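Quick notes on the structure that follows.
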Amino acid sequence: MAHAPEPDPAACDLGDERPKWDNKAQYLLSCTGFAVGLGNIWRFPYLCQTYGGGAFLIPYVIALVFEGIPIFHVELAIGQRLRKGSVGVWTAISPYLSGVGLGCVTLSFLISLYYNTIVAWVLWYLLNSFQHPLPWSSCPPDLNRTGFVEECQGSSAVSYFWYRQTLNITADINDSGSIQWWLLICLAASWAVVYMCVIRGIETTGKVIYFTALFPYLVLTIFLIRGLTLPGATKGLIYLFTPNMHILQNPRVWLDAATQIFFSLSLAFGGHIAFASYNSPRNDCQKDAVVIALVNRMTSLYASIAVFSVLGFKATNDYEHCLDRNILSLINDFDFPEQSISRDDYPAVLMHLNATWPKRVAQLPLKACLLEDFLDKSASGPGLAFVVFTETDLHMPGAPVWAMLFFGMLFTLGLSTMFGTVEAVITPLLDVGVLPRWVPKEALTGLVCLVCFLSATCFTLQSGNYWLEIFDNFAASPNLLMLAFLEVVGVVYVYGMKRFCDDIAWMTGRRPSPYWRLTWRVVSPLLLTIFVAYIILLFWKPLRYKAWNPKYELFPSRQEKLYPGWARAACVLLSLLPVLWVPVAALAQLLTRRRRTWRDRDARPDTDMRPDTDTRPDTDMRPDTDMR
C-alpha cells in the first residue's frame, strides 16, 4: 500500500496552537447533536408516512450510502487535515473556491435565523406547559362570556392556540402586522442561551453537549415505552411502515430523500468542517463519518417509531370519537335504546338503515369515519409539534408532564443543532481575522449572536411564519445541494483525487477503498446534478403558500395563495444568495491575479516580456502555520 508523504513539522505543530476537543466523546456528541435535529423528529416520520411507509427507506438508504456518507467524509477529512473553518479550507484548496466557504457561512447564517426562531417557539410552549390545565386544552370564551371564540370553535383549541395566541398570524403575507412581544422575548432568550453555550467555542459547547445530545434519547425512550402501551399504537406503526412500492415512481420521493439526508446530517453548513478542525490530525475521520451517519439514521427510525406509536393512539382515539358521534345521531333520530349500537355493530346497522330509510339517513350529520383518514392527518414540520402532538398530549394522563418532556426534548435538540450552525459562522471569521487579534473571541461571538437576533426579529411579526417558510424552502434546500456539489467537485477535480487519498492515508493509516473513490468521483456528483436540475425545474412552477384565514370558506383548511411579486423576488434572492459567492469570489481572485501579473510585467525590464506562468494556487493541503 502506498503511503502519503509526511507533512512538514510546522504543519503538525499547529495542533498545539489550535484548540482541541477534551476527548473523542465530546467531538462525536457535538457532531451527532449538530446532525440530529428537529427534522429527525418531525420531518423524517412525515416523509415515511407520506411516501409509502417502508418504501421511503429505499431511496433514503440509497441517498445515504451514495451521497450522504461520502460527502460527510469529505467535510470531516478536509476540516481535520487543514484545521480551518470553511472559508480557510476552500481558500487553501484553491483561492478560486473561496466562495464555497463564503457560501457555507452565508447559508449557516440564514438558517440560524429561522432555526432559532423555531427554538423560540418551542421555548414559548415549554413555558406554557407548566400549568394545569394546558392553555391549548380548551377554547377561550368570547367577549360576552356566552360562548367560545368563533375562530376556535371553527378549528380546534390546539390550532387556535398555535395560529392565534402564539403566532397571531395574518391572513396574507402582504399584511406584515406588528411584532409579538412574547415571541420577541423568547427569541432573545433563545439567542442568549446559545451565546452562553458557544461563548468560548468548543470549550463551553463541549461541556453542555453531554446533556443536550443525550437528553433527547432519554425522552424518546420514555415516549416509546409509553406510546407502545397506548391503544392504537400498533396501528400507527403498521401504517407507518407498510410499503407502497408504486410511490417510488414519483421523482419527488427521491428528491425529498436526498434533501432529508442533507438536513439530517447537516451537510454543506460548514459546521462539521469547523468541528473537525479541532481534531487531532491523526484522527480516523473515515470511521467517524460512518458511525455518526449510522447513528443519525437509527435516530430517525427510533424517533419515527416513538412518534407514530403516539400518533396511532391519537388517530384511534379520534376514530372512536367519530363513531360515537355517529352512533349518538342514529340513536337520537331513530329512538333506539341507549348503548344499543356498539362500535363493532355500527357498519352493519348503518348499512341496514341506508337500505330501509335512505332519505332519513341522508339528512343526518354523519361523518365518514376511516382510521386511515385520521392517520393521514399527521403533519410535517412545526405543525407536527405545535398542533398534532399537543393535541395528542391532551388525551394522555398527566398531560402537562408529557408536554414538558416533549418540548424540553425539542429545545435541547434545537440547541445542539444551533451550536454547530453558529460555530460554522464564527470559526471562519476567526480564521480569516475579521476583528483585530486583541479583540476576544467572546466579543465576536456576542456580535454574531446580536446580529442574528436583530435580523430574526422579522419572524416575530404576525406574518413571520410565512417568512420562515420562505427561508426554509428557498434559502436552505437548493443551496445545500449546490454547495455540496461544489464541495465534491472541488476536492476531486480541483485539488485532485490522488492527493486527497494521500492525505486520508496519512490521517487514518489506510487509503480510501474503491467505494469511496467511485462515489466521490462519479456517483455523488451525478446524483447531485440530477437533484439540482430537478429543483430548478420546480422553480418554474407558480410559487404558492398556505395562509391561515378564518374567513376562508373551507376553514379550518389553510387557503392556498400565490406569492406576490416582491415575495417571489425574495424567494429567488434567497435561493441564489449563498451560491452567488462562488462566481463573485472566483472573479475577484481572477482580477486580483491579473492586476498582480500586469504590475509585475510593468516592473520587469523590457527585454523580459514573458508573463509569469506559475500562477497556480498553492493547493497543498497543509495548514497555514500563521494562525491563531
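All residue numbers here begin at 1 and follow the chain in the order shown.
Backbone N, Cα and C define each Cβ position, glycine as well.
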- Would Swiss-Prot put Ala505 and Gly85 on one side of the membrane? yes
- Looking only at DSSP and grouping its letters into three states, which state does Asn174 (N-linked glycosylation site) belong to? coil
- Task: Rank the glycosylation sites Asn144, Asn168, Asn174 by the number of other Cβ atoms within 10 Å of each Cβ, and give the residue at the low end.
- Result: Asn144
- Item | For Asn354 (N-linked glycosylation site), the number of other Cβ atoms found within 10 Å of its own Cβ | 12
- Query: Between the transmembrane segment (475-497) and the transmembrane segment (569-591), are there three or more C-beta pairs closer than 8 Å, counting only pairs 6 or more apart along the chain?
  - Reply: yes
- Residues from the same chain, set at least six apart from the ends of the transmembrane segment (518-540), whose C-beta lies under 8 A from its own: 63, 66-67, 70-71, 74, 251, 254-255, 258-259, 477-478, 481-482, 484-485, 488-489, 491-492, 497, 500, 512, 572, 575
- Item | Distance, Asn174 (N-linked glycosylation site) to Asn144 (N-linked glycosylation site) (CA atoms, angstrom) | 32
- Do you know offhand how many angstrom separate Asn174 (N-linked glycosylation site) and Asn168 (N-linked glycosylation site) by C-alpha? 15
